[in-house]
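The structure appears right after this line, and notes come after that.
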Amino acid sequence: MAIGGGGGGGSWSIHGRPDVTSRYEVLGRAGSGAYADVYRGRRRSDGAPVALKEVHDAVSARREADALLAAAPSRHVVALLDHFPGGDHDDDVLVLEWLPLDLSAVVRAAAAARPSAPPAAQRKRWMLQVLEGVAACHSAGVVHRDLKPANLLISEDGVLKVADLGQARILQETGTYQGMHPYEQSSGVEPWVSQQRAVLHGVKENHPSHDSETQTGQEPERLTAADYLHEMDQLRAKSTHGDVDKMSLQDGNASCLATCSTADIDDDPFRASYSYDAEEGMLEEESGAFTSCVGTRWFRAPELLYGSTNYGQEVDLWSLGCILAELFNLEPIFPGTSDIDQIGRIISVLGNITEETFPGCSNLPDYNKIFFNKVEKPIGLEACLPDRSASEVSIIKRLLCYDPTKRASAADLLNDPYFAEEPLPVPIEGLQVPESKDEDDDSTEEWANFRGGDSDSDFDEFGSMDVTKTDKGFSIRFS
């Protein structure tokens, strides 16, 4: 069990919160991480099952609440039902709707059932639900920054919802890069980087719904924006530290590679874990630029791997491509064992990152620090997606491309002709939903054994290595 630091409450402190326990019965721990503990709970007023998320970092908790409210109401984004702000000795507690499964459980169940992979009609419905959730977030100006199968939760009746928005940010204005290519712009704060305080958008872009059935059924009673802002006003009035957005450390625009040493990479105990999370992602971003150390390595966009701190929703679109490719292959498409190995795997498939394939890439912070020999014959996405139709490969190609400005949006993909081809997507009620896992089941152990390489060192996998000192530090060339 992880001990929290942000609010000082630590693990199991939720049991000493009468404001929480008077309204919710705590049934047991459902999961634990470095920055949050999640408990199964029951609302005392009506017996509705809930998830009680005790977040140990106050800023992260409030940003997650802001992002959930901005994206609401959406059938494919998890509902925030209640929020209990923390204090000097307590952590924030977010009350969310209870969803017992995630998309990784669907992938594992399908992999275990090989060679009978999920029918295309089933796979299309899962894909559409993922796209609906991401489109809802993006239309609200939210960039998730940690999309992966484990963060796409599923109800027992098959409704998939985007969840775990603890690393999310809300952009100043919705949409993608506009005007000059972002990596050719000056180093100032761009108009689409995150605000320190989230804006609750009153009008959202409408996307066509692909849910086959009318959305009947009782929606969970959500926390309203007015209620949430009232709670935040009360909290700020009590705070002795001023603006709550200044409670964490500054990121200092440092990239992952710039803030770790060779020893950090060699001793990484999470390198093979399916649920590897970049703990550096909790660093504060007061300077206006984002941190590049966000998300889970296997789903991290190339610009993040090269240290970009100036990006938008396009990083989610790369993650989306990796997720959909995993639905096709039933295994990760780029299972890197380290950041450098991750880049190497991507390059082996798509070829080298150059100004032709990614305009402005030479301006990325770490682009001139790490070099790879030219890949004469990239494997190509077609080879990574065997036995897939041209339409299926096309969807992945529209997402897994180096240039962020050329990645297809989730809203665009909802209208891709692939979903109108036979076989048509099954209705949600026709999905084959895996059985709920036991609360003590650790699904990450199975995936922790999946390793793309057997090397103990990040550098051993690339053969010879040439380190050159430069006026800015050093550069590394692998062969």
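Just so you know, glycine gets a Cβ as well, placed from its N, Cα and C.
Predicted, not measured: the structure shown is a model, and the values here were computed from it.
Swiss-Prot assigns the feature region 'Disordered' to one of the listed ranges (174-224, 429-479), namely 429-479. Taking the C-alpha positions, the distance from D146 (active site, proton acceptor) to A36 (ATP binding site) comes to 15 Å. Spanning the listed ATP site, residues A30, G31, S32, G33, A34, Y35, A36, D37, V38, K53 have a farthest Cα to Cα distance of 14 Å.
A simple Cβ count within 10 Å picks out one of the binding-site residues A30, A34 as the most packed, and that one is A30.
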